[in-house]
Amino acid sequence: IIFRLTRRRAPSSRAMTALRTALDAFRAIADPLERYVFLRHLQRRDTSTFYRALVAKPLELMPFVYTPTVGEACERYHELPTAVNGVYITADDAGRVGAKLREHWTTEMAWLREGVGASARGVSARGTGAHAGEAPVAVAVVTDGERILGLGDLGAGGMGISEGKILLYTVCAGVHPTTCLPVCLDVGTNNERLLKDPNYKGLRKERLKGEAYDALVDEFMRELRAWQPRCLVQFEDFGNANAFRILEKYRTTGPCFNDDIQGTAAITLAALLSSLRVTRGELADQKILFYGAGEAGVGIGELIAMAMEKTGMTHNQAMERCYFMDSKGLVCKSRLSGLQPHKVAFAHDVEYQPDLLSAIDAIKPTALIGVSTIGGAFNEDVVKAMAALNERPIIFPLSNPTSKAECTFEQAMRWTDGKVVFASGSPFDPVTRQRDGVKVFPAQANNAYVFPALGYAAALTGASQVTDDLFLAAAEALSKLTTDSEIDAGHLFPDMNAIRDVSVALTAEICEMIVAQGLGSAPRDV
């Protein structure tokens, strides 16, 4: 499975010249979306150079194949002069989903196999369940386009998310690109702008729902499992109403996870654990207030509670350290009858608070986590309220893309006199601290630190399922990899340019855990 363009052998002088030429051309482009398009064209035109560039310069290039640029790319997906790399399964494909998956894999992916070579060491029927003589699928990233980042329903434009996310398995963890399958379930859209857009190439009908929707998802999962029983399935950017439901339905039937729920939880827990190295606090003493109570926030809360239980707390005690604000105010017991099911476990017996400032005053949190997709929600009053309560306030505006971030790094630094412990979902520039002139770097809580390594481990071991324990272990291991000097400079995570080394460490740890739990077998030589 492992794909090491830069490690198999020293690149030839011709390959290095092609790499330099591509990077020079990329750097000459100013507009982020034009950079995205350039890289998409490079992927088709000179596939090996494309992957070599991403592996060599992940920190520089990843923002232009994934967040934050991929958000605009998804919004304008059908205007862009780029070829589709993934497979669309539409509502009209009901009854022939399996045939379409196989047809796409054998014919439409030929360009990729020709571009980088089809050999993928370590892939076997044991690892993936592929039939003899058939190219295996190690990883599939699938979305239905309903909740793309913080941008809402982008319909068939959600393919850009699957295509971007699948690249990170190769860049970060070394999964061979010819074993990676991006998928978009095009079940229609409720986005009127798209339905009226003459360039929109998706289904021009309102979204499927109810039994028809469930039947298409079930046929996709059933046919994929019949074809590739051990393929890891990553669910991406499904709406709240379906994300939890789908995960619970399929999580024990084969290896799968929801990155918005579980991957985001792991990277945020890792950021919190690293933050405690700055504040010198203990996890059991933290009170976390979430602004936003969707799938990402609830997933984070549940994983933090799992980590707190390991300190000796009961489950209820741990859950009661996590508080949530939704569009109607503080989630609490007095609102129980009107809450969505995923919020109920966090409806504590506390007084209702109508807004964020009053909730901060009542709860006195040590950490504030934004998962609301409301840009600017952490205004000066909010941030200063956190700073008044905590010597080193922990503030994580995690919403993507950048326009949806609850606050910027510069704002958080300015409003806390440089004392904030900060992590964001989108990248921000470093800030010079006014009181001492020291340049401080913001941490980006990028799921790419976690999901490629964890998914790689699941593929290598032929894991039968992916448990929450694995995400907890990944978060704890990641938080220990950041050096003291990186922590002092504001980095709560290791250098992204060392992501392959980080992934090696995490993959090894997760493989050991999968085998120890009896969920998979020890990997063969890779």
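Using the three backbone atoms N, Cα and C, a Cβ is placed for every residue, glycine included.
According to TrEMBL, the protein carries these features:
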type	residues	note
ACT_SITE	Y66	active site, proton donor
ACT_SITE	K165	active site, proton acceptor
BINDING	R147, N400, N446	(S)-malate binding site
BINDING	E236, D237, D260	divalent metal cation binding site
DOMAIN	43-251	domain 'Malic enzyme N-terminal'
DOMAIN	261-515	domain 'Malic enzyme NAD-binding'
(message) Measuring Cα to Cα, how many Å separate the residue listed as 'active site, proton acceptor' from N446 ((S)-malate binding site)?
(response) 12
(message) Please report the distance from the Cα of N446 ((S)-malate binding site) to the Cα of the residue listed as 'active site, proton donor', rounded to the nearest angstrom.
(response) 10
(request) Between the Cα atoms of N400 ((S)-malate binding site) and D237 (divalent metal cation binding site), find the distance and write it as a whole number of Å. (result) 12
(message) Below 8 Å Cβ to Cβ and six or more residues apart, same chain only. Which residues does that give for R147 ((S)-malate binding site)?
(response) D153, D237, F238, G239, N240, A243, D260
(message) List every residue in the same chain as E236 (divalent metal cation binding site), at least 6 positions away in sequence, whose Cβ is under 8 Å from its Cβ.
(response) V141, V142, T143, I161, S162, K165, N258, D259, D260
(message) Cβ within 8 Å of the divalent metal cation site centroid (E236, D237, D260 excluded): which residues?
(response) T143, R147, I148, I161, F235, F238, A243, N258, D259
(request) Average the pLDDT scores across the domain 'Malic enzyme NAD-binding' (261-515) and report the rounded value. (result) 95
(request) Please find which two of R147, N400, N446 have the most distant C-alpha atoms, given that the record lists them as binding (S)-malate, and give only that distance in angstrom, rounded to a whole number. (result) 18
(message) Give me the long-range Cβ neighbours of the residue listed as 'active site, proton donor': same chain, 6+ apart, Cβ under 8 Å, in sequence order.
(response) G164, K165, L167, L168, A448
